[in-house]
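Q: Mind looking over this structure? Questions follow.
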Amino acid sequence: MDVEVEKQLLSQEKYGRVQSAIRWLVLVVFVGWIFVWIMTPTDTYQQKWQHRLQAKTKYGFGRQGAMLLVYTSPILFIAALGCVYIHIAKKGNCSNTESYGEKHEVSIWKRLVLVRGPLGIVSGTELAFLFMFIVLLLWSFSIYLHNGFAKITHKSAAEHGVKVWKKRLASAGVKLGLVGNICLVFLFFPVVRSSSVLPLLGLTPESCIKYHIWLGHIAMTLFTAHGISFIVYWAVTHQLSKMVEWKRTGISNVGGEVALVAGLLMWIATIPRIRRKAFELFFYTHYLYILFILFFIFHVGFFYACTMLPAFYLFLVDRYLRFLQSRYQVRLISARVLPCQTLQLNFSKSHGLSYSPTSIMFINIPSISKLQWHPFTIISNSNLEPKVLSVVIKGEGTWSQKLYQMLATPSAVDHLSVSVEGPYGPASTDYLRYDTLVMVSGGSGITPFISIIRELMYLSTAFRCRTPKVILICAFKNSSYLSMLDLILPNSGTPFDISNMKLQIEAYITRKEEHILESQTHLKHIRFKPKATDAPISAILGPNSWLWLCAIVSSSFIIFLILIGIITRYIIFPVDNNSNKIFSQPLGSFLSVLAICVSIAMAASVAVLWIKKHNDKEAKQMQKLEGSSLAEPPDLKVDGGDKDLESLPHQSLVQATKVHFGVRPDLRRMLMEVEGRTVGVFVSGPKKMRQEVAAICSSGLAENLHFESYSFNW
């Protein structure tokens with residue numbers, strides 16, 4: 001045993017060294033990339049460095065060669081390193097069994113500074129980075145403006161037949177657009193679901209959606225001011241005809257106007273009231289990002305668009321992989337209809353698919369809507385339940401209500417065509433660093449905590465390690481929601497042990513009711529009949545998905561550079577250098593965008609087809625071994641199917657549960673009474689609840705409370 005432990009320690013040390021080296025290399029490259037952005041507005045960069053780089057790369061890759069080298073390749077290099085980093089981290093975690101239970105210091109980076117306000121719940125680190133980003137915008141705008149105004153004199157303005165203030169208005173409009181592009185550079189990073197960049201910072205796409213919202217607001221404010229400035233300038237100089245200009249070279253005004261209109265429509269649809277009451281309008285309007293980006297590139301030319309290319313490139317890779325995964329119908333085994341307008345869907349999954357607690361999966365049901373994809377929390381554990389993946393769907397929106405009605409009716413369907421994207425979640429988790437976990441939920445917000453509890457069940461069962469004390473505080477509208485507590489226990493046939501867990505459940509029914517269950521509705525269980533073409537859910541890139549993603553990003557970019565070289569050398573170069581004509585800039589931009597799409601499609605398609613062959617072999621083997629005996633959740637039937645909290649299969653869970661009727665939880669008192677050197681406070685539910693818990697944790701009255709929120713921002 002000592003030899004095995006020593007080998008594991010040596011292995012962990014090796015993995016740690018490699019990860020540390022990658023982190024330092026990423027830091028150096030990222031700092032250099034940021035330095036380039038700091039220098040971009042200066043004359044030193046514009047008049048010296050950029051011209052030298054263009055002279056060395058122009059023949060092979062055209063004007064965009066320097067931009068690809070300076071702005072695009074560093075981030076794609078970081079993305080490739082990030083894939084390797086996450087792969088090593090996962091491999092290290094898999095081999096690390098003895099370190100479970102070791103206490104690690106909780107990072108102070110997540111200390112809250114703001115709880116209420118337009119920015120929402122913000123930590124000190126987030127506020128610091130937001131401040132530095134605003135400083136970068138102000139620095140860039142001030143330097144651009146200073147250098148631009150310095151070149152505008154009465155003489156130069158008179159040569160163009162305009163006054164100085166009008167010329168400066170046009171110059172300021174250009175600078176607003178340049179600064180807006182900085183926001184566009186970062187805009188797509190938070191929406192890359194399989195991001196290898198965000199985990200390097202300890203972030204997940206779900207937690208970064210607010211950054212996407214912030215950047216979108218700032219970008220559209222700047223782009224709108226950019227457009228208005230030029231409309232006013234053209235009006236006061238009697239040049240409104242320029243609004244319909246589409247030049248072969250230089251700036252295309254029509255392209256910019258189409259991009260701005262598309263952006264404004266998306267921006268208007270994000271107004272909270274519109275998004276809440278007309279979510280489908282918001283959802284469909286957001287597809288205008290395709291027009292926005294395409295005509296933005298036509299507006300400024302691919303040469304300048306290379307500055308915002310890296311994040312969008314990673315987004316395209318992610319989007320195409322999602323498209324490939326969504327083409328397949330997955331095997332839906334069974335469903336459980338709960339009396340609280342809630343569904344549990346159980347899918348067959350491949351053995352090689354693993355995911356972290358609090359992961360989500362996007363689901364599409366063509367019979368309800370062919371275009372809509374909705375995210376739902378995965379409550380199953382990939383280690384504890386290797387054959388089944390379960391999600392919970394609350395019937396709140398139009399889409400989910402249609403699904404609930406479809407399955408809750410007496411004549412329910414026996415087959416449902418379903419496509420999925422994901423799962424997506426944190427690259428790694430470490431709940432054992434806390435002495436106590438306090439989970440505060442409202443309504444269906446309990447679902448991410450079910451996955452955490454099942455993860456602790458797995459660790460307790462597989463490694464017999466000491467798990468943190470778990471206090472689950474859940475608030476429900478009425479007693480029918482108590483049926484959601486049934487979901488805490490894994491599927492039948494799953495070996496698990498909760499005897500070692502210290503679990504305390506405080507369930508609050510906010511409406512005044514008698515101390516009996518309000519609903520006498522019978523739970524309904526549905527067994528589906530999968531088609532032969534339905535496949536188990538599997539990772540689109542297989543078990544070694546991060547290494548495959550690294551290969552796709554790297555190889556597709558190499559293919560793209562080759563295509564750009566061919567286009568430049570054999571299409572653009574002959575026209576520009578061997579004739580009196582100038583190659584059309586919009587056509588060149590279109591060819592460059594096409595080259596990106598072709599390169600990504602080639603690399604990703606080859607990888608997915610290669611992996612699909614192995615998945616198909618595994619699926620056939622599973623069908624032969626298992627036949628029709630697929631695992632499904634327990635019926636949990638007592639007294640003819642009436643559900644009661646006391647009908648839970650394990651008395652330990654019943655004894656751990658206390659139900660309070662007609663009151664709301666006193667969160668301040670409960671959190672202040674929690675003992676433990678480090679207490680992780682997780683909250684999921686309504687915005688007011690999250691803000692209340694965040695305010696308590698940031699009040700300074702209890703230094704041991706560490707806050708984390710799950711807000712369903714997807």
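Heads up, the Cβ atoms here are built off N, Cα and C, so glycines get one too.
Owing to the predicted nature of the structure, the values given are computational and were not obtained by experimental measurement.
According to TrEMBL, the protein has these features:
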| type | residues | note |
| --- | --- | --- |
| TRANSMEM | 21-45 | transmembrane segment |
| TRANSMEM | 66-88 | transmembrane segment |
| TRANSMEM | 127-149 | transmembrane segment |
| TRANSMEM | 169-191 | transmembrane segment |
| TRANSMEM | 211-236 | transmembrane segment |
| TRANSMEM | 257-275 | transmembrane segment |
| TRANSMEM | 287-317 | transmembrane segment |
| DOMAIN | 325-430 | domain 'FAD-binding FR-type' |
| TRANSMEM | 546-567 | transmembrane segment |
| TRANSMEM | 587-611 | transmembrane segment |
Q: I need to check the long-range neighbours of the transmembrane segment (127-149): which residues 6 or more away from its ends have a CB within less than 8 Å of a CB in the stretch?
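A: Contacts with the transmembrane segment (127-149): 37-38, 40-43, 46, 113-114, 119, 168, 171-172, 174-176, 178-179, 182-183, 186, 214, 218.
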Q: With a cut-off of 8 Å between Cβ atoms, can you find at least three pairs linking the transmembrane segment (287-317) to the transmembrane segment (169-191)? Only pairs 6 or more residues apart in sequence count.
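A: Per Cβ check, the transmembrane segment (287-317) touches the transmembrane segment (169-191).
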Q: Could you check whether the transmembrane segment (257-275) packs against the transmembrane segment (546-567) - three or more CB pairs closer than 8 Å, residues at least 6 apart in sequence?
A: no
Q: Look at every Cβ pair spanning the transmembrane segment (211-236) and the transmembrane segment (169-191), keep those 6 or more apart in sequence, and say whether at least 3 of them are under 8 Å.
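A: Taking Cβ pairs at least 6 residues apart, the transmembrane segment (169-191) and the transmembrane segment (211-236) are in contact, with 3 or more under 8 Å.
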Q: What parts of the chain pack near the transmembrane segment (21-45), using Cβ distances under 8 Å and only residues at least 6 beyond its ends?
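A: For the transmembrane segment (21-45), the sequence-distant neighbours (Cβ-Cβ under 8 Å, at least 6 residues beyond its ends) are 70-71, 74-75, 77-78, 81-82, 84-85, 88, 136, 139-140, 143-144, 147, 178, 182, 185, 200.
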Q: Against which stretches of its own chain does the transmembrane segment (66-88) lie, if we need a Cβ under 8 Å and a gap of at least six residues from its ends?
A: 15, 18-19, 22-23, 25-26, 29-30, 32-33, 36, 50, 53-54, 56-58, 185, 195-197, 199-200, 303-304, 306-307, 309-311, 313-314, 427, 544, 546-547, 549-550, 553-554, 557, 561, 564
Q: What residues in the same chain, six or more past the boundaries of the transmembrane segment (169-191), come closer than 8 Å to it by Cβ-Cβ distance?
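A: The answer is 37, 41, 71, 133, 136-137, 140-141, 144-145, 148-149, 152, 197-198, 205, 208-209, 211-212, 215-216, 218-219, 222-223, 225-227, 229-230, 232-233, 236, 296, 300, 304, 307-308, 310-312, 314-315.
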Q: According to DSSP, how is the domain 'FAD-binding FR-type' (325-430) divided among helix, strand and coil residues?
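A: So the counts come to 13 helix, 39 strand, 54 coil.
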Q: Which whole number is the mean pLDDT over the domain 'FAD-binding FR-type' (325-430)?
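A: Reported value for the domain 'FAD-binding FR-type' (325-430) is a mean pLDDT of 88.
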